[in-house]
Amino acid sequence: MRSIGISLLSFMLTTVVIANAYYQKKQFYPSVVYITKSNPSMAVIYIQAFVVILMFGKLMNRIFFGQLRTAEFEHLMERAWYAVTETCLAFTVFRDDFNPKFVALFTLLLFLKSFHWLAEDRVDYMERSPVISLLFHLRVLSLLTVLGALDMYFVQHAYLSTITKGASVQLVFGFEYAILATMVVNVAIKYALHTVDLNSEMPWENKAVFLLYTELIMGFIKVILYVLFVIIMVRIYTLPLFAFRPMYYTIRNFKKAFNDVILSRRAIHNMNTLYPDATAEELQNADNVCIICREEMVTASKKLPCNHIFHTACLRSWFQRQQTCPTCRLNILQTNIPTAAPRREERPRVPPQPPNPFAAPNLFANPNLFGRNDNANPFAGMNPFQQILNPNEQNQNAANQAPGQAPGPSAPTGGDQNNAQSGSTSNTQTTPNNTIPPMFPPFPPFPFMPFMIPPPLPPEHLRRLTEDELKRLEGQERENVEARIQCLRNIQIMLDTAILMMQQYSAAASFSTITSQVPPPDRSSAASAEAASRETNAPDTNSASDPGDAAPTTSSNANDPQFSATSSADPENNNVEMSTSASPEGPPEDEVRKRRLQHFQRQLEQQQ
Amino acid sequence: MAGSALRRLMAEYKQLTLNPPEGIIAGPVNEENFFEWEALITGPEGTCFEGGVFPAKLVFPPDYPLSPPKMQFTCEMFHPNIYSDGRVCISILHAPGDDPMGYESSAERWSPVQSVEKILLSVVSMLAEPNDESGANVDAAKMWRENRDEFNKIAQRIVRRTLGIPN
Ligand SMILES: [Zn+2]
Ligand SMILES: [Zn+2]
């Protein structure tokens, strides 16, 4: 209503001004001159022009967009505000050129800009609306054509003007329209991708990748344009302050697109190389719904080291955001050690990779070194605990399996190859202890016991070795030292993963149907340290804790070496399932939060 | 095929209508735009918000469920975890790493496992048990800690207001 009033008023004023001029001068040209000479008249004429432009804008808006959504309108207003501010800044640079034509050109630019923004918003909206009408396609297509043609025209105009008349304000226009033209191209590509996606029956998995690369390339072109513009402006005029804000955002977006592409590539790479495809059986067990999109998993799905299964495409887009498991938040990138296990499952016949640090101390691969040890696994019976606690030979055989199988989960069928490989894995834990002199106290407080890395395995019969053999064992060669350092690093990684795993426990506990609280990491690690010390005190239970047996039955995560490792850490409590790992006395937790959680769980139960 | 965010929102809407949790109604504002929802939350029984029906709006990002939605009460609210403009500040609505209050563990954070339903249930439990460590509304947090009677009075006034009963 108000806008109609203002329009009418402006029309009336214009009429009065023109009538007055004509009444005084009686002829056309003198009247025009009269109006242009009179400031109040010109003011009225300018207001009239502004009103006409607004009305024209509304008309165009009706034609191309129909009713604007609230969000679109707010977005438009916000951007228009910035654009007006920047235009005023630009005026200060070109105050010599300041004239009505100049103002008119800037107004036109603003006007066209707002249509570009609206077009962008509209095309983004395509992804959000379940119904895209034919009218929508018609509008977007015609709008993009018109805007593209106008942009090209103005760029050309600015170019010719600069060539023939030298640098002027046309430089700014040419540049602005070039930016707008890239925007049109970007929107057009997006529109095409969305349209193809809408018309396909199956979800189009690569669309996200295409969108990502479009964003990257367009961002790159824009950054180049901005840099060129700033360079030219600095050489001819002065620093174009008005271009800095959009330039900053363009560079930021480009950086983001670049990061996205890198993360995406890494995610794709990880997925293709590290994680196995889920089998039909595994899909059945996991109730077959992808937690990310809540749709059935019939197409390609992947299994993470934590045994959670998702659509490949869903996982890929998630990994661009965070490199964690969506369900249990296991950090995927820091879980490289455990992921070695599934990889081995995939191709069990492939020998260890050449750069395998575990293979470095060849010394250990030589079974002859250890007298009577002609077992395929050169580390059999080298567990110091077994040596100390179970001097009798019978227990040794059962225990021999333990170090070999702990890192290699769910592979009870592991052939010689597997055995040898897992043997060399446990080797890592062996190396640092090589230096332990034979007289070392019987119960060293192994710091990593709580995390149940296969126990350190110094050779069984240190006393029987000759001086020379011991020297070789200790190793002064570079590769031995390197291997030892590598091994220490591995232990650190394993410690990290153990902490992560504890976080994973508590995460899982708060998600699933658990009724009690989960102890925080430090506490539960202390608990397993207790268990470990119990283990050392009770020699009988030690050999009974065959992780190969315990692991598969304990939890759904048995395939994760970490999990099987922890379950073996606690021989008397074989079911270290996520739910049961909750300790009854609970940690000294914040009372409020506890109650909140319980309340939440009650709600969940009621709803079930 | 529609976008994955849209499909998931439609699936959640279907689930919520087929199997509505007690005391919660939620759905898109209009069926042409699934990225803006309205929700009605009844105050949990046995709390100072009991009996109230609180309208809120949820706005979903284009990359939902990779990013969390935003939630804002559209009625007057007085609560330690709700800003005075109605925006809700609870950990489930923040992605890990994005921590305005610096007190949440990552376990309660947003991930695609969460859903509209879980968010709304968390909000209900937040109404029942405010977390006064979060300073979304410092006055409310202070009053909740130090002057519970006054807090309850204000809450009751808000409840009456949401029901259209004059004070
Ligand atoms: Zn999925
Ligand atoms: Zn997981």
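Residue positions begin at 1 at the first shown residue.
Just so it is clear, glycine is given a Cβ too, placed from its N, Cα and C backbone atoms.
Feature list (source: TrEMBL):
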- A:359-368: compositional bias 'Low complexity' (COMPBIAS)
- A:390-437: compositional bias 'Low complexity' (COMPBIAS)
- A:523-535: compositional bias 'Low complexity' (COMPBIAS)
- A:536-545: compositional bias 'Polar residues' (COMPBIAS)
- A:552-583: compositional bias 'Polar residues' (COMPBIAS)
- A:290-329: domain 'RING-type' (DOMAIN)
- A:339-442: region 'Disordered' (REGION)
- A:514-608: region 'Disordered' (REGION)
- A:1-19: signal peptide (SIGNAL)
- A:43-60: transmembrane segment (TRANSMEM)
- A:102-119: transmembrane segment (TRANSMEM)
- A:131-155: transmembrane segment (TRANSMEM)
- A:167-189: transmembrane segment (TRANSMEM)
- A:209-237: transmembrane segment (TRANSMEM)
* To do: Write out how many residues of the domain 'RING-type' (A:290-329) are helix, how many strand and how many coil, based on DSSP.
  => 10 helix, 8 strand, 22 coil
* Given the transmembrane segment (A:102-119), which of the listed stretches A:43-60, A:131-155, A:167-189 has the most Cβ pairs that are under 8 Å apart from it? -> A:167-189
* Asked: Going along the chain, which residues at least six beyond the ends of the transmembrane segment (A:167-189) come within the CB cut-off of under 8 Å?
  -> 90, 94, 97, 102, 105, 109, 112-113, 116, 119-120, 123, 144, 147-148, 150-152, 154-155, 157-159, 161, 214-215, 218, 221-222, 225-226, 229, 232-233, 236-237, 240, 246
